[in-house]
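According to TrEMBL, the feature transmembrane segment maps to A:6-27, A:34-53, A:59-80, A:92-113, A:133-153, A:184-207, A:219-243, A:250-270.
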């Protein structure tokens, strides 16, 4: 039982970390970033390069975040900004971008599987069971991330501007908020979060050109259910991630793989706003 | 006109071998080593004057690692290129799509990838292992040497993954052991959390996994190690290259293979030297998939020599009789179109290299194609 609870908590933490970057971009920019999976992959390769350079594995997460932020700013300026008036085209453009990034990675590193060193290996004892130390660390990091992101939105000037843009972009602009700058910073932040999450999950999965893809669908469903709020994304991750673990454990892991998608569709059918107003 | 005649006369002189291989898709990681092995075999045979005085020539076609691509590749090789034979290291899906075309075109086919067994065609011979040969060395080691009774099986949800584990379950039960769990994840799944927790609560004595190669295998192994699983662990899908790059996570994994680069024989040393001499720094690490390909081409050359022509029926008959002395030892495809093989039980050491613990000479492939006796 303790194992089941820990599985649910750590699965939710991983899902939250992986989805956060998608959520902030959708919230502020009304843009579904289909390059999110590719950003995760880039983060994984940053962890690989970091390991190959012999640096501490912990450095891979800030390194990936930095690369993601700068890359995000450039991508926003070059690809996303010219398409602000054509939201559907912008979504297609991010899809294409994801394919291009995937192919560039394949060209640079090949199709094979790469490896990055683990920051922590082995298990620690908690509630009387030995549990993966790294998964517990990810859970702690996810909680810190919720606090930090909520603080960023609630306590900073950027957060205030971003919330204004989320609520009513035209009005915000009328009040003198530079919404273009808010959008640019948001895309950079979203890309940074995605890359950092890619580096964060690397010790649990393999680094290959398609590593981000399976996570894209689940994060998309979670963000749809969560609406634009980090606490409700955490709730969505706990409930849907928990459902996935329970189905995988008691029914069948193959059904478990579909649980998040099916459950999210059901939630949206019953309550079109998902958990955001619940 | 005269030029065209000269070209076609010369074309008739070469013996053309079709190589459908997954240059794109899932097999694209191993395909380069398979192509290199084929090229090396053809070079060596041509350097000795070819077969029946004719040179060998390769016709390589991308099968996309799947059924659709294989149909195109086989159609083109058999009916347009009119190859004399096909030597194929490819997925089961690609083989199944290609077989009807081979049967229609009546071309000798040598299949050189290990697979789930019981694929039969009057035109096909197979020189790689089937579950009967692969499963026993690992299970015997765990049960007889290490006293394991309860097994847990984890696999990817596809024909090969399930086929291997179903055979393993039967074999474990026939030896008086029990299987306390058998779980699968889709091929693109990367979250093994629930399965690993189930396994830990079932507290088995040993674990055997049969995932797709590459990413699923790596994610499973990493997550197992992260949860501190240290029971005897047999892995059907890991190759030496992956083990070497995986570092300490791979340490202690048991594998059973018909080829390991560390095989201590003159033929293997000569093969490795020739490969390095031909490709230098670009030489791919040879594996269980590329070495049978090399031997498959040698077997075809020997069969043509024995039959005295490239006539398909005569060559197919000769293929079941000729013996190839290759890196894996002496191999004859004489057991219902399959081959008795020497299997090696290996264990991954701390530095990622594979130590051979035991070898099992001439393991029989069992009843594969009883309708094609001999």
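Cβ atoms here come from the backbone N, Cα and C positions, even for glycine.
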**Q.** Long-range Cβ neighbours of the transmembrane segment (A:34-53) (under 8 Å; 6 or more residues past either end)
**A.** 18, 21-22, 25, 59-61, 63-64, 67-68, 71-72, 75, 91, 94-95, 97-99, 101-102, 105, 109, 114-117, 190-191, 194-202, 205, 207, 209-213, 215-216, 219-220
Q. In terms of Cβ proximity under 8 Å, which residues at least six beyond the ends of the transmembrane segment (A:92-113) contact it?
A. 31-39, 41-42, 45, 48, 75, 79-80, 83, 206-210
Q: Considering only the recorded stretches A:6-27, A:59-80, A:184-207, A:250-270, state which has the highest number of Cβ pairs under 8 Å to the transmembrane segment (A:219-243).
A: A:6-27
